[in-house]
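Okay, so here's the structure we're looking at.
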Amino acid sequence: MCAPLGATGWTLVYSLPIQIVAARVARDITAPAIVTGLAIVLLWVFVFLFNRRILAPLFERSQRIFESEHLSRTLIETAPVGLALVNANSHGVLLESAHMQALERRIATAVGAGIGDVLNYHAPAAFEASRRGESPAFDFELNLPTEDGTMIDVAAKLAPSRYQGQPVVVAALTDVTSDRQLARQLAAAKQAADSANAAKSAFVASMSHEIRTPLNGILGHLELLERLPQAAPVAARVRIITSSSRALLGILDDILDFSKIEAGEMSFESIRFDAAELIREAIMMFMPLAQRKQLELKASIDPALPRYVIGDPGRIRQIFANLLGNAIKFTDRGHVSIDVGMGEGGAASRLVIRVTDTGIGIPSDRLARIFDAFEQVDVSVTRRFGGTGLGLALCKRMAEGMGGSIDVASEVGHGSVFTVMLPILPYIGAMPVHAVGSQATEVEPDTRGIHVLVVEDHEVNRELIREQLAALGYTSDIVENGLIALRHFNERHYDLVLTDLAMPVMDGYTLAACLHSQGARTPIIAITADVTATDSQRFREAGISGILLKPMSLASIDAAVRRYLMLAADPRAAAAIETVPGHAASVLSDESRTTLERLTAESLQSAEAAMAQGDRATISAQIHSIKGAFSMIHVGEVVDACSKLEALLAGDSNTASRDIEETLSDVKRRVSSALAATARSEEVGQLGDGSGNGE
């Protein structure tokens, strides 16, 4: 430190040691330095935390937004859909993708307007909704002209929104021209297939009619010829001709049945029958064939099998006879065994029929195709054993049509085992009278002096029916058309009318309607070679009691005459024909109905439990069982609901559970309604029986 000494020119200099100076300065700056250092540290901590907690996340989110926007733009540009933002007020396009630009170029010249104007013209509600701030979606299709003169189909989806403070419409347009063309081609192909199928069915039915008419003459006269005394060689030839004719009829029936199944026209009865007796009769029919081949035919029928069950005896007999016939045909030595019993599965008891043979067997690689139509094990089998290859296909489809199944196990050289499981219901109680083949009463009618009016336009058939009726002990008058038949009917008494359906002048339907309108109570039976003539509603309206299908045997004619004379003689039986309105006129006893209710409830409980676990296979199995049970008693409402649920379960695995639950609830509701209706029908049947017993 220094200081001047006035005007002397001298300067006073103070000299201090550095330690003293440093100590002095240190005392003055220590506190500010500490404060400043702490402030700097705190500032850096704040900057670090601000960057970590605010700036870095903001930067990361901004980066994601930039990436998302880039991805969205990439998707918009590469998506095979035209996307655009259209101003809701001016209809101008604010943004659009490359596909939208290409689409707009294709239609601009032909339409003469921008895409915004086109959309506003077809969906003004979408633009109005955007202006009001609403946001419903709009879907529709456009058919627009293009610059090359063609038309394109465009699927449009519009959604109101906002963009930069303006009301806009988000438009997504897709060119679906190829899809619609494919749909139209598929529809045309389906229509052509349906037309071809209908033409095929009509052709088969027509050929059946034309073939059955001469077959009726052949088999009818052969049957009459067999009743005459003949030399042994002649009798043998007659038997051969009869057997060949019946084989031809069997092939024709198989083809017709298969055609019916393909067309969805196969119907199934639900009547009472003796299952054990049916099996025994079929076995006796094949016994001579087995004996000729020196085969042992074994049969075992479970004693627990109810005597009477409800089902379709005709179809069950057809299935069993086909399997038994095949077993005998393909077995050269050894035996054929038949085991019949009951098994429970789902909502119905199961009739289990097992046919075992020691025949040629089936290779494992052919088992999957053995039930296909027109399939044989190989060509050599066809040459050696013959056959159309329709038998097993028919068996499988008929079994499935009744809600059952058929399976096969086989080993080449050791034989085969065919197992059929069919849903049936045990029948206990009074038998309903509702179908051909049921027995209304045990009392046989007195057929002495029965006089029959026959109406048939075919001369050969007229003469044949006359001889058949005479052989059965019935008298008859034969006329060639309905008009002449009316005159005869009004002039004398007839116990029964047999009439052809297709005749000149007046057909069978018109004749029956005329007789019915006159108050006639005489049973009218239609005789026809048309196997498709099974419209029971039309028969009832015309007053026709039933049909006889050509070719007619003496036994079938006699059975029909007796059956309908019984119905005519017993008003209670005729009145009982209609039982359950809206269903199939199947009356169940209390025990049968209780069994059905119990098994159905168990199946529904299992289905609901499986629903909770997402086990669709179990649901489908239980519903199929319920469907089989109610198809036997022809409750179409339940069968349809079950079929709908099966379709949902068999479809895409992504099918909404809610749809399945709703359909399952519908099945439960329909089952409950059907069981209640069956119970009411049983009460009506019991009242009818009570009135009869009071006589």
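The chain as shown is numbered from 1 upward.
Each residue, glycine too, has its Cβ placed from N, Cα and C.
The annotation domain 'Histidine kinase' is assigned in TrEMBL to 206-426. Sequence annotations record features per position, and here TrEMBL assigns domain 'Response regulatory' to 451-565. Summarising the annotation, TrEMBL assigns domain 'HPt' to 585-678. If you look up TrEMBL, you'll see Asp500 marked as 4-aspartylphosphate. Residues or ranges marked as phosphohistidine by TrEMBL: His624. Per TrEMBL, transmembrane segment is recorded for 33-51.
Secondary structure of the domain 'Response regulatory' (451-565) per DSSP, as helix, strand and coil residue counts: 52 helix, 24 strand, 39 coil. Over the domain 'HPt' (585-678), the average per-residue pLDDT in this prediction is 76. In the three-state DSSP classification, His624 (phosphohistidine) falls within a helix.
Its own atom aside, the Cβ of the residue listed as 'phosphohistidine' has 24 Cβ atoms within 10 angstroms in the protein chains shown.
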